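Chemist: I'd like to ask you about the structure that follows.
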Amino acid sequence: MSEPHLLIDAGNSRIKWALADAQRTLVRTGAFGHTRDGGADPDWADLPRPRGAWISNVAGADVGARLDALLDTRWPGLPRTTIRSRPAQCGVTNGYTTPEQLGSDRWAGLIGARAAFPDEHLLIATFGTATTLEALRADGRFTGGLIAPGWALMMRALGTHTAQLPTLTTDIASGLLADAQAQPFQVDTPRSLSAGCLYAQAGLIERAWRDLAAAWQAPVRLVLAGGAADEIARALTLPHTRHDALILSGLALIAAEASAQD
C-alpha cells in the first residue's frame, strides 16, 4: 500500500487537515487552532508516516511556522509543499490576470469542485471570514470571482463601528434567528442585525448566480461550503449543493498529480 498524503488547509479562522489514501479518499480528518490557546494540537500520534504534507496557508507566516514545528515534532524531515496558484493545474485553468494572486485556498477549492462536479458549470460560494464566489465553467476555466465580508465579519464590523449596535457572533445570531426564520423583518435590534447581514449574504449569492446563468445561457450548479453555510442556505431561495471538503479534496488531487510525476 502506498503512503498516504497529509493535507493541511490553514484558513483565516482555523486549520483543517486530512489524511488521503492512494484513491484520494479522506480517511482521517480533524481541525485545530492557529495557536495553542485556540485549542489542542492535532491528534497525529497514531497516524502512519505520510509521503509528504501538502499545505494551503492563507493565515500567514506565524501559522506556517507553527505547522512546521508540529510536523517536525511528529515526523522529522517530512517533505512538505506549500501550494501556490498556477496558470493551470489538475484540469483547471486560472482566469486571473495575475494567476498567483488567487488565494491558494480558492485555487485548491476550484480543483476540488471540478473533480466533484465534472462537466458542469459551477458557482462556488465559500463562507468563512470572507465570503468568496468562484465561477467555474464546465471545461475547467475559472473565469473570475467575488470577495465580500463574511457573515460574522459583517456583524462584527457593525458592532465595532457604531455606538448603539451590539457585537454578535454567528452562534448568538443563529440562536436569535432560530425562531424567527419565517419572518422577513425583525422586531428587535439584535435580530434585525443578524437577519440583515444574513440576507446580505443570501442576496449576494442569488444575484451572482442569476447573473452568471444569464451570461452563460446555461444551467449553473450552486455549491456551498464553509462554516456559515447552514444558516445562509436556509435564507436562499435557490437550489444548491453542500460540499465541505473542496479545499482538502483539491489538495489531494494536487498531491496525487505531483506524486505521479515523481
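Here the Cβ of each residue, glycine as well, is placed from N, Cα and C on the backbone.
Per Swiss-Prot, ATP binding site is recorded for Asp9, Ala10, Gly11, Asn12, Ser13, Arg14, Ile15, Lys16, Thr129, and the stated evidence type is sequence analysis. Per Swiss-Prot, substrate binding site is recorded for Tyr96, Gly103, Ser104, Asp105, Arg106, Thr189, and the stated evidence type is sequence analysis. Taken from Swiss-Prot, the feature active site, proton acceptor applies to Asp105.
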Chemist: Please report the distance from the Cα of Tyr96 (substrate binding site) to the Cα of Gly11 (ATP binding site), rounded to the nearest angstrom.
Modeler: 21
Chemist: Using C-alpha atoms only, work out the spacing between Ile15 (ATP binding site) and Arg106 (substrate binding site) and round it to an integer in Å.
Modeler: 15
Chemist: For Arg106 (substrate binding site), what is the tally of other C-beta atoms lying within 10 angstroms of its C-beta?
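Modeler: Its Cβ has 26 other Cβ atoms within 10 Å.
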Chemist: Taking the Cβ of Asp9 (ATP binding site) as the centre, count every other Cβ atom within 10 Å, in any protein chain shown.
Modeler: 26
Chemist: When you rank Gly103, Asp105, Thr189 by Cα distance to Gly11 (ATP binding site), which of the binding-site residues ends up on top as the closest?
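Modeler: Considering only the listed binding-site residues, the nearest one is Asp105.
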Chemist: C-alpha of Gly103 (substrate binding site) to C-alpha of Asp9 (ATP binding site): distance in Å?
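Modeler: Taking the Cα atoms only, Gly103 (substrate binding site) lies 12 Å from Asp9 (ATP binding site).
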Chemist: Which one is it, among the binding-site residues Ser104, Asp105, Arg106, Thr189, that lies nearest to Ser13 (ATP binding site) by Cα separation?
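Modeler: Its closest listed neighbour, by Cα, is Asp105.
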Chemist: Please identify, from the binding-site residues Gly11, Gly103, the residue with the sparsest Cβ neighbourhood, meaning fewest other Cβ atoms within 10 angstroms.
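Modeler: Looking at the binding-site residues Gly11, Gly103, the Cβ with the fewest others within 10 Å is that of Gly103.
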Chemist: Determine, to the nearest whole angstrom, how far the Cα atom of Thr129 (ATP binding site) is from the Cα atom of Arg106 (substrate binding site).
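Modeler: Between the alpha carbons of Thr129 (ATP binding site) and Arg106 (substrate binding site) there are 13 Å.
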Chemist: Which residue among the binding-site residues Ser13, Ser104, Thr129, Thr189 has the fewest other Cβ atoms within 10 Å of its Cβ, if you could check?
Modeler: Thr189
Chemist: Between Ser104 (substrate binding site) and Asp9 (ATP binding site), what C-alpha distance do you get in Å?
Modeler: 9
Chemist: Starting from the ATP site formed by Asp9, Ala10, Gly11, Asn12, Ser13, Arg14, Ile15, Lys16, Thr129, give every other residue of that chain whose CB sits within 8 Å of the mean position of their CB atoms, in sequence order.
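Modeler: Same chain, not in Asp9, Ala10, Gly11, Asn12, Ser13, Arg14, Ile15, Lys16, Thr129, Cβ within 8 Å: His34, Val58, Ala59, Gly128.
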